[in-house]
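Visitor: Okay, here's the structure, questions in a sec.
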């Protein structure tokens, strides 16, 4: 072997290290964080994390440039995708009550390498998202004062003509970010109170928009004379759904906060379900009244809701909407700053980030170093950068995270439950031998096998009919079926979106591609369903596995492919930086 080249054994050990699973005690309630949050607190956290971005930032852009009045259909599709993802988050949040969300869920089921990539993606997602919210907050407040703040800044600083930078430094956005970071560094209860106040005002404003909007509604705005209900067709509806999906990303803050919940196994499922239902209903109703108040093509994408009332002559209503938007942006900014330090703390505690971020303040029990560093970084970005164009990037990153969570649910269901009550490391002994779980990882088990079939094994009732699969080791057939399911979902979505255009396939080739990929997708589902799963009565479990997470994967990939290639390029560059 050439000098300096690693041996095969060392490469194998390195690969095993990259794919090692995090082991946890599922039922443990021990944590370094204080458990203050009730079910109501978690529900309001979820609602606060979802109300605002879709309402005040996305509705105008999607209605005017992508879907028209069919904006409500885009929100319905995005709600379905979010519901499937929320079910997967609910099971993980109830079974693994630890901070980390998609990162942790991937770590305990798929391995360290994939967990780091997801965590690295989530860090940028919330860093950029918080910056966008800070600048949006500044913009709405500036609009209330007739843009005097912007005029003052431009007069004393001037306008910049530098690529990737804003036209002028936004000191207001930077200052509010630093103030929000200081509030987050206090005890969690203080943050919860602030979140409740801002959220209450925001919800009252949304109720006001819906009531007054239906009073001012003009059905003529959906007529063919104004362009019709879906002027951009089905492709516009789906492109709008891919963008609107970002409006629902806030529900995963409930899973992140489960380590600070008083009763996570009960509170997390209830909070996710209630918050997602309330927000989805609000978004759909607001999208209806928005395009009924004024024609969709006359909307101002930057402030659609307030502008709609201004166009109808209700200036006082426009001011109320602008004030509500400021409260909603405050809630979102606080949620981003609440989530991000805990995400960094979880990665640092696992050894995948700098260890200085594991420091917890001895009195407030909050990750002070993470809050300080990333609060200052977010304030710096809000000062200099204009990141409104990165909404698509945030949607892509979120869809990718949720796809991994859905895949992790399938992996988790077909893994064998460790023989002890803890999922911690098992000491090897003379009576232990190895087996491979559904993700191909080596685990230990006792030589004494119970009579009941283990997860990952073929169901006894199907062994006479599927005898050729009974000789496979537990988890091998499941792992192959899962790989085929993901690949076939990607091919099927590519065929549906690009088959008759970018792929330049003849009609018979397009039909054959869709048929083969659909058959492979269904066969992989049948193979997965033929194997034994874990069944637990003490915690929430996603219904109809593997069908529910498989549909989540299929729909998430479909929405991701609706986004531009530049968005994919940005995400790829960021992931390569993390790997390097």
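Note: Cβ is positioned from N, Cα and C throughout, glycine not excepted.
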Visitor: Suppose you had to name the range TrEMBL annotates as transmembrane segment; which of 267-294, 435-462 would you pick?
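Guide: My reading of TrEMBL: the transmembrane segment range is 267-294.
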Visitor: Look up transmembrane segment in TrEMBL and report which of 14-35, 102-123 it refers to.
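Guide: Feature transmembrane segment in TrEMBL: residues 102-123.
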Visitor: Can you work out whether the transmembrane segment (551-577) touches the transmembrane segment (391-412), with the criterion being 3+ CB pairs under 8 Å where the paired residues are 6 or more apart along the chain?
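Guide: The transmembrane segment (391-412) and the transmembrane segment (551-577): touching, yes.
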Visitor: Considering only Cβ pairs within less than 8 angstroms, which of the stretches 70-90, 197-217, 267-294, 314-334, 476-498 has the most against the transmembrane segment (40-58)?
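Guide: The listed stretch sharing the most Cβ pairs with the transmembrane segment (40-58) is 267-294.
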Visitor: Would you mind giving the whole-number mean pLDDT across the domain 'Cationic amino acid transporter C-terminal' (540-579)?
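Guide: Its mean pLDDT is 85.
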Visitor: Which sequence positions outside the transmembrane segment (391-412), separated from its termini by at least 6 residues, show Cβ-Cβ distances below 8 Å to it?
Guide: 57-58, 61, 81, 84-85, 88-89, 91-92, 95, 102, 105-106, 108-110, 114, 118, 121-122, 124-125, 128-129, 132, 242-243, 245-246, 249, 252, 437-439, 482, 485-486, 528, 534, 542, 545-546, 549-550, 552-553, 556-557, 559-560, 563-564, 567-568, 570-571
Visitor: Could you give me three numbers for the domain 'Cationic amino acid transporter C-terminal' (540-579), the DSSP helix, strand and coil residue counts?
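Guide: DSSP composition of the domain 'Cationic amino acid transporter C-terminal' (540-579): 29 helix, 0 strand, 11 coil.
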Visitor: Could you tell me what the rest of the chain brings near the transmembrane segment (366-385), counting residues at least six beyond its ends with Cβ under 8 Å?
Guide: 33, 127-128, 130-131, 134-135, 138, 164-166, 169-171, 173-175, 177-178, 180-182, 184-188, 336-337, 340-342, 344-345, 348, 356-360
